[in-house]
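Asks: Structure incoming, see below.
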C-alpha cells in the first residue's frame, strides 16, 4: 500500500510539528516548509495527494497557494487552516472551488485526523474515477480507430466495385464508357451550379457513371447497329433503365442511385419511359441526369449520324423546357455554359 504524500505549509514550525505528531505512525509521507514562497517549488517538483496550508502568512496567503495547487494538480485535495477572522476568505475560497475542506483554529486532534482521512479517501475516489475515465477514453479511441479502419476498407471496396463496373462497360463498348463518364461530368457540373450537397453530388456521380450499364445485356446487333433502331429494337432499348437498376440494386452504396437511374428517361409531361412518371413523381436528381444524358447523347458522334453543335443542342434543351426537361435545370445548365463557369470535357 503506497504512502500518501501530504504537504504542510505554515510559517510557524510549532504548528507543523503539532500536525506531524498527530499524524505520526499513520500511512503518510509528510513534506513541509516554513517558507510559504517555497511551496510553489515543491508543488512543481512533487505530486501531492493533499496540501494543508495556513491562511495568514508573511508574503504569501494560503488561499493563493491552494489556487496554484488546483492549477498544477487538479486532483490534489486542498485544505485551508483558518481563524474566525478569515471567514470571508473561507466562503470565497469554497465558492471558487479552490479548497475542499477547512480546519478552524484551534482544532481537536481527532477532528484533524478524521478530516485528513476523509480527504485521502476522497482523493482515492477521484483517482479511481480518473483511471476509469482514462480507460474508457482509451477504449473509445480504440473503437474509433477500428471504425475508421472499417470505413477506409469500405471506401476502398466501393472504389474497387466502381472500377470493376466501369471496366465491364469499357470492355463491352468504348463509346458507352465515354458517354457514361461524360454524363457523370455534366451531372456534377449542374450540381455545382445548383449548390447541391456533397452527398447529392456523389450520388449523381454514380448515377452518371452507371445509368446505362443495363445496355451491356442488349444484343450486339441492337447496341452496335449502324443505323436507326426499328420500333421493336427501340422497345427493347427502352428497358435498359430497369436493367441498369436491377444490376446495381444489391450494391449497398448504390441504393440511392438505383431509383435515379430507373427514372432518367422519364419526362416532365409523362411521355417518358419506362414508368411514364410526371413532374412531381420524378426525383430531382433524375431530372438532372436526364438533361446531362440528353446533352451528351446529342453532342456525340454516332455511326449513323454526326453529333450536333452546342448551339443546336441548347436549342433542343430550350424547346424541351417544361415538357421533357425541368425548366430550372435547363435554365441553370444553359446559363452556366453561356457564362463559361468552367469548361466542359467536350
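Using the three backbone atoms N, Cα and C, a Cβ is placed for every residue, glycine included.
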Asks: Among 98-132, 133-167, 168-202, indicate the range for which TrEMBL gives the feature coiled coil.
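Replies: It is 133-167 that TrEMBL annotates as coiled coil.
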Asks: So how many of the residues in the domain 'Response regulatory' (5-120) end up helix, strand or coil by DSSP?
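Replies: Across the domain 'Response regulatory' (5-120), DSSP assigns the residues as follows: 57 helix, 26 strand, 33 coil.
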Asks: Tell me, how many other CB atoms lie within 10 A of the CB of residue 54 (4-aspartylphosphate), whichever protein chain they belong to?
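Replies: Taking every protein chain into account, the count is 23.
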Asks: List the helix, strand and coil residue totals of the domain 'HD' (176-298) as derived from DSSP.
Replies: 85 helix, 0 strand, 38 coil
